[in-house]
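See structure below.
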Amino acid sequence: MKKALITILKYVIFLGLGIWITYHMLHELSDQQRSELVNAIESINPWYLIPISIVGFFSHYIRAVRWKYLLETIDLHPTTANTFFAVMIGYITNLALPRAGEVAKCTVLAKYEDMPASKMVGTIVAERAWDVLCLFLIAVAAFLMQMDVINSYVGSKMAIVNEKIERHQTVLFISLAVFVLIIVGLVIIYRRNKESKVGLVIKEMTHGILSIIHMKKKWEFLGLTIVMWVMYLLQIYIGLRSLHDTQSMSIMAALVVLVYGSLGLIITPGGIGAYPYLVAQILSGPYNTPEVPAQAFGWIAWALQTVLIILLGLLSLILIHSYNKKRNAKAAVDNK
């Protein structure tokens, strides 16, 4: 009961954060800018929505196949169709209740494939571990390749930051001291109790990343992982091409946007508020995109991803029943 209340409280807090960010973004705009925002969103080239949706679909399909490879390492062999349906049902569940999607996709797949859901938990950890590793590597690569752009932007901001630091040296010193004490305290707690929640999470993540060593299809898994992230990048790049103010941006700029957008999806449920805000910040900052078009792209990219998940999720809820009904009927005939 206590754990459920904590989960609900976390959801309410982060959903509230997303709503507040959304309100703050729109409230900071003047009436004219709000009108320009609507016009910018309406000006999107609709023909670009088709390739974005196709690429988005294949990114989800590849994730399903990749999960299937992980399941095969523990001697579970679901059909690709059921695995895809389960993944999309998990995604749409996550929009309503974060982290519940992982439970939902395991439960759904277990039901239709007659497999133990508890046995699948390790594959979820492995999948998430690889997502974190890939995002980290992509972030490092993106910032290294766009170092000149980012350094120029940071340099222009440092003068303002330095001025504020000089005015608030005492407060900053105390804050830094408190921060260091907290870090030292966490390190001491971790060393004394390596079975703590933090320690267990680190162990599980490490085990998840290394689990690929025992996979029969390790190279296929790695290949699909690369293709999946390329698909995510293409969605952003094609989306940038669909708006007049962002259509000249490079694939490297799209890579940085991908990193910021991914962080936004982590911060709030479904990325509400956080995704458009972070994307708008990176576009209007280092890449000098006007504020309104930057926000417009953030909202368009977030909305397209969310709508695609909702449509595919609802479709999966319908198709999984009919697919398995036909499958079971065929199996019954074959067994006669």
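Heads up, the Cβ atoms here are built off N, Cα and C, so glycines get one too.
Per TrEMBL, the features are as follows:
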- 7-26: transmembrane segment (TRANSMEM)
- 46-62: transmembrane segment (TRANSMEM)
- 74-93: transmembrane segment (TRANSMEM)
- 129-150: transmembrane segment (TRANSMEM)
- 171-190: transmembrane segment (TRANSMEM)
- 221-240: transmembrane segment (TRANSMEM)
- 252-279: transmembrane segment (TRANSMEM)
- 299-320: transmembrane segment (TRANSMEM)
- Message: Any contact between the transmembrane segment (74-93) and the transmembrane segment (252-279)? By contact I mean 3+ C-beta pairs closer than 8 Å, pairs at least 6 apart along the chain.
- Response: no
- For the transmembrane segment (46-62), the distant same-chain contacts (Cβ-Cβ under 8 Å, at least six residues beyond its ends) come to 84, 87-88, 91, 224, 227-228, 231-232, 234-235, 238-239, 241-242, 304-305, 308-309, 312
